Structure formats: C-alpha cells, structure tokens
Amino acid sequence: MRKGLRATAARCGLGLGYLLQMLVLPALALLSASGTGSAAQDDEFFHELPETFPSDPPEPLPHFLIEPEEAYIVKNKPVNLYCKASPATQIYFKCNSEWVHQKDHVVDERVDETSGLIVREVSIEISRQQVEELFGPEDYWCQCVAWSSAGTTKSRKAYVRIAYLRKTFEQEPLGKEVSLEQEVLLQCRPPEGIPVAEVEWLKNEDIIDPAEDRNFYITIDHNLIIKQARLSDTANYTCVAKNIVAKRKSTTATVIVYVNGGWSTWTEWSVCNSRCGRGYQKRTRTCTNPAPLNGGAFCEGQSVQKIACTTLCPVDGRWTSWSKWSTCGTECTHWRRRECTAPAPKNGGKDCDGLVLQSKNCTDGLCMQAAPDSDDVALYVGIVIAVTVCLAITVVVALFVYRKNHRDFESDIIDSSALNGGFQPVNIKAARQDLLAVPPDLTSAAAMYRGPVYALHDVSDKIPMTNSPILDPLPNLKIKVYNSSGAVTPQDDLAEFSSKLSPQMTQSLLENEALNLKNQSLARQTDPSCTAFGTFNSLGGHLIIPNSGVSLLIPAGAIPQGRVYEMYVTVHRKENMRPPMEDSQTLLTPVVSCGPPGALLTRPVILTLHHCADPSTEDWKIQLKNQAVQGQWEDVVVVGEENFTTPCYIQLDAEACHILTENLSTYALVGQSTTKAAAKRLKLAIFGPLCCSSLEYSIRVYCLDDTQDALKEVLQLERQMGGQLLEEPKALHFKGSIHNLRLSIHDIAHSLWKSKLLAKYQEIPFYHIWSGSQRNLHCTFTLERLSLNTVELVCKLCVRQVEGEGQIFQLNCTVSEEPTGIDLPLLDPASTITTVTGPSAFSIPLPIRQKLCSSLDAPQTRGHDWRMLAHKLNLDRYLNYFATKSSPTGVILDLWEAQNFPDGNLSMLAAVLEEMGRHETVVSLAAEGQY
C-alpha cells in the first residue's frame, strides 16, 4: 500500500508530504468540526499543524492572486469575500481574529498547468447580522490565511460595513438674488453615509459639468461657485448626494440673476418751446441701458431735464420822422431824409418799406437850365485822356516789376540747390518715429539735455537713438543732466555708454525691452543690495533681500518637474518706477519686481513685503497694483473684495503683506484713505556728521515710510555721506487729516550754540509725506557753535503732526574733528544670505507636509479639515481662494511658512494640530526633533 502511494505520487510529480497533507488535514478538520465545532478549538487545531513535512521538496510561500476587498452590506443582502492563492495546500478565512468554520467556506481547487502548483480559491458569505453583532471600536474585518509546505501567508484585511445614507443634509443650499456678473456661492454638505456620498449639482434637473461650462466650479468640499452670474444662470439648483444605498436631493435653491436698470444717454436739447419771450428746453433719457430685469432696481434720477430759455422777439423796423427840406439847390430841387431806426429791425424783424431820401422841385418847375459852355466840354475831355494814359503806364510798370521778381525767385531756388551740392532732400522714415533724436550740435563743447535722470542700466530703453549712420555719437561727449531741482549732474558714464552702442544694437534692445529688461540680466545689473537671485527647480526655495523686509517663497512643486528657473526679486528705488498717486492715495510698500516674467508656475509663489499702513483701523481701501509690460499700472485686487476671478490673494499682517500669485511681475500696495482717521506709520531717523571741523553742524531729520527698505536706503546714503545715527529711530502715526508735519528744535545752550533757522519751526507739506512717492524726505537744522572748543551738543527735537501725534528726541552727542568708524547697528551684517534652496528653506519636513495634505484636503463631517486649519492660523479671510486649489492645505502651509520665516514657529503649529485632534502629526513633528 505504501509503495503504491509512493508510486502514484511519483507519477503525478507530487511529494509524499503533500499526499499526507491532502489526506490528514481534511480528516483532522472534519474531526474538529464534528467534535465541539467551536472557533477556539479550530484555532488550537490549526496551531498544532506542523509547518512543514520532512519529505516535502522546497516550495515557495503562498502568493495571493486575489485578496479580499472591502464590501458594503446594502439593506439585508449578504456579501461574499473571495480569496485565491498559489501554491496553497489549505486556505481559510479569519474574521475579527477568529477562524471561520470550515463549513462556511466554499473551496475550489485546481492545478496550474503552467507551474504545476496547486491553486486554491475560497469564498465566504457575511450577513448583516454578523456585522451588527460585533461590538468594539473597530469595524468588522476578515483576512485570508493560506498554507503551503514553506509556511503561511496572510492577506490584507477587508472591512465589511453596513452601507447607509442619512436623509437629512448637514447643510442645504439657500436661494439668492444676485446682480449680473456677481460671484455666487451655494453651499452643500451631504448627509452622513457609508460609503461617503458623492455629490453632484443639478440646474433645472440637468447635471452641471464644470468641464463643459467653465463658469461653474465645484470646490473640494462640494460647494458650487458661479464665477460670474449670467442671465442664463437664473435657475433652480439642487444638491444631489448618492452612494450605493440611496440617492438624496436637497431642497431646491432658486438663484435669480437680476439686472439693475441703467440710463441711456441724454437726447439733444429741444428747441425753445416759446417763439417769443421766456420758455423752456428739455431733454430725455430712458432706463433701457440696460432695462431692469428679474426684479432689478429701476434707474435712480430724473428721466426728463428742463432748463429755462428766452427767445428774443422779432422787432420790425419803423421810419423816423422826415427831416426838414433842404435849401433849394442850383438844380431847383431840395430833399429830405428819414432813417429806419424807430426802432431799427432786429431779431429777424422786417425792414422798413419805402425811400430813405425824397426830393422835389422847389420852384414849381419855373427853374431855368443854361446850356453847357464849349470850354467846359474841352476841359472834361482833356481830363479823361490824361487819366487813361496814366492808368496804361501804371499797368505796364506793374507788369515789368512782377516779371522781374519772378525771375529772381527762380534764381534763388537754383542757387540753393547748388549750395546743397546737388543732393535732393531725403525723407528718412525710421521703423519707429519716436526713436528719432535731434542730431547733436557738433560746434558745441557740451550738449544740454533736459529731462528725467536715468540710471546707467536703463540707458538702453530710455535714450532715443537714430538709425542713420551719418549721426554717429560723439566720442567723449559731456552730457549735463538737469534734474527737477535745477542741480547739474555730470553724466560722463552715460555718454560713454551710449557712444559704444551701435544703432542696430540700440534698436534691438528697444524692440525686446518687454522680454529682456525684465529677466535675470536686469536683476544682475541693479544694485546688489536691492536684489536677490538664484537658480531653483521643483524642490523650491527662498529668495531674501537682506534688511529690506522683501522675500520670495517658491514652494516645492511650484516649478514644473524637470524645469530649472533663474529667479530674482528686486526693489525699485527710482521715483519714475512708482505708480501715480491720486490725492487720497498713498504708497504703502516699496515697488518690487519678481521674475522671470511669464514663467510657468503650477502653484502660487508668495511675495512678502513690509508695509507702513496701520491696519488697526477700517478706514483704508487697500489695493494691489502691478505694472504691465507697456509700463502702465493696473489694478489687480482690492483687499476684502476678492472673488473667484481675482488672480492674487493678499494676507495683510500687522507689518507685512504676503501676496500669493502665479504671475511674476512688478507689484506695489497702494492705500486710499476713506476717512481722515486712516493712518500710516512713519519712521523718524536723525543723523549728524561723523566729524565736523567747522563751526557749523547740520542735523538731518528723515521722515520715512516705516518699512525696512526705506530705512535701509537712508542708512546706506548716510554711510556714503559720512553721517552717523544720533538717536534710535522712532515711529509716528501720521493721519490722513491733511495737516502738515512740523519739526522744531528746543533747549539749545545759547551760550555755546545758535540756530541759523530764522523761523521757530519747519514744516513738511502733508501731500509730500502722504503720497509716499518722494524718497529720503528730510529737513535740516543747521547750528553754529560759537567756539571750536565746544564739543558737546545737547538739545531736543520735536516732530509732530499738526493736531496729531508727535515724538520728542533728546540729543546728547559729541562733535568730533577726527573721523571715526561708522557704526550703523540697524544694518545687520549677518543678514547676507539671499538664497536658500531645497528642503532646508522650509520649516515643515516634506513627509510631514505630505501627510498633513493627504489628511486635511478631504472635507470632514466635523470640519476637522483644511478649513479649521485656516481658521486656527487666522488665514480664513477668504476661504474660496484656497478651495480652488488642488491642495488647499498645501497653499495654507506655504503661507504659514512665509509668515514665520526664518524662525518657523513649529510649536504653535503643533499646538494647532493638537487642538484639531491630529495627534499622529504632532508625534511625527516631535520625532523629527522640529520643536
């Protein structure tokens, strides 16, 4: 018998151990089942099984071809779990750490023709009752265990849950009435359910597909946003939640898009309705541009306007009385006259009819007429002949003179041509007329150019050049540039630079200024203290301009994978780079460019600027402006008026603003005071000479915007001038009350010093300070010491706004004749790092950041998601901006990184996550040793 089994096993290619397993295991299982049938005994039975048999050939561990998958029980329908493994001598299910009875398994066995290994497939059925009977915090789960001669293998756990969907929505959309082109937000939080319900929106029972109509957007937390409401968007909107159990519809929210009426243009004034005397004229307009729709407001104002008019009445002319008859003349007649002036005709009145003069015979026809004398006839004939001859001579002389003058004119033209050497006038038409310049005066030793002063690196796009090779630039031409104050500044370097440019090069530079002058070469040519640049890839990094309060955060993933950008950020200090200001507007930040412009970004970068606004009041209208390629300043967004279409988001902190943008450009923050209570912060800094060998001593009081870059510029300027800081700078709240800033000096020792100021104080006009467009604004107090032996200066300086706040400086300084080292402690010499790349630029480690994004991006029923994170970090002013991003949590963490750079307050972030119940992330932060 034993030999027969071995022979059969040998013919089938099977080991003896396998045959024993095939025979023994089922028998043992049947005995166990027929015994007690309990799961505990089954468990002991399987523990007593040997792992391998001595006669088994080497065999791999079981490999699962099919693992059990998660299942949901709908109503009372049981679910089946499937499992398939190879090679497997036995395969069983274990549910909730207990073995499933063998009789509950449906087993299918076959031999793989390719490998010759046994493939076993098993399935079990799970009922609703089994799932409901489970008590404990964990859901019902099952796991598949397979045996082979090499050992056992366990599959993954498959959870079985009872599917359901509540009937009541946690938040239903509400109807709204909105104006045309306004943003609409319809909120929806679906009912609780397992599995989590999918959400779709219906517009009049039609499914909304944002891919087809881009005016719709469905956020990650299921809210519907209509970007710009159209008339066609007037409809009934329904939120639909569905899973495998049921489908629920919310109450219908009716959105009505109304149009407020607008007036048409006024018609022309009608003619005066009165033909004579006082009347009126009128003009009309209609409320049809557009006409009010869907309950929109009717136009406010009058549809008819009337003005008084006066039409002058026509006056017909009338004759005056006849004058007296004249005396009787030689011809025996006398006359009389009258005039049409009683009244004269006017305003279209009729003229007088009849004769002005009237004559009649004054002798009743008895006057005698004498015959003409023959001598008189001869005299008359002679006079006529003489006049005729004179006229003929005059005509001949005039003709002669005319012809002579005409020949002289032609001769002049010929001579002029000869002077030109035979060349005909040439009409030069350049490609751009605005690039033609007046040829320089070659006889002059110096050319005088009146206009704005440009820095050396801006010459290529500011100095007009000519394309004509005849007008080559003069070598060593001295150009004197007159600025607005009338001072003359030699610009030898400017002339030398322009003389080295060929006309072709100049034209090429001008044609490509929009692309080339904004890139990395511009950043490298500017003042190094105002610029930071570096090379970045998809890992991101940080650009910092030291001591300026200006930085650019490039988050990881902002630059597309595989691309490398050379990026820069620079502060513009020239006044012509600043945006124009209206009366009530003021510049709150420095003008900053970041680039390269036009670079493709996949997520927002964060530009951080220091501002000087006092955000504690609500009397500001703060807006972000950017400069287009053509140099025009455009409005980007008004803080507090963001909508779905605004390209940027601004986080305004107490002293800094953070601009989230995907468009690298030139930006500035502009404030407009809505009331006189609006205030901006000024920084008052007092400087004096480092050494003074004369009797005069000058004190300079600077009134600057309270930004780091403004103070840095003055510190650098004073360092070049040999100045020193006499007192710690102080802040002053300057209100938009139109009152000037008054500066005065007090408590001078008159026995040692005297002030050369004639008045009691100096004033800086309000608008010079408020506009923020004037750099390095200051006043100078000149004191004269009575003796060179006087080396101590003690006085007080008072700076205050009329009817406003003020500051007092107590000066106590030593006047030295010997120069000493310049000490400007406000410039941190250690702040020399301008570029940080890769993970070292960020406080949050990348794995923890990814874990946070994956767990907080998905909306949670209790709200413990990215919205709560934004609320806890005080970044929830406009959540819709984050909702439109693929990872709202990632953008919020980027903004947190920019706010807390460079220290990174991870302890505060950990406390926030602890409050949100994210204990695992806090543990990870602690494990990384980050706080």
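Keep in mind that glycine also has a Cβ here, set from the backbone N, Cα and C atoms.
Among the ranges 67-85, 352-370, 694-712, the stretch that Swiss-Prot annotates as region 'Interaction with DCC' is 694-712. If you go by Swiss-Prot, C188 shares a disulfide bond with C239, out of C239, C272, C276. Swiss-Prot marks one residue of Y159, Y568, Y649, Y878 as phosphotyrosine, namely Y568. Looking up C299 in Swiss-Prot gives a disulphide bond whose other cysteine, out of C287, C313, is C287. Taken together, the residues in the region 'Required for netrin-mediated axon repulsion of neuronal growth cones' (402-931) have a mean pLDDT of 76 on the 0 to 100 scale.
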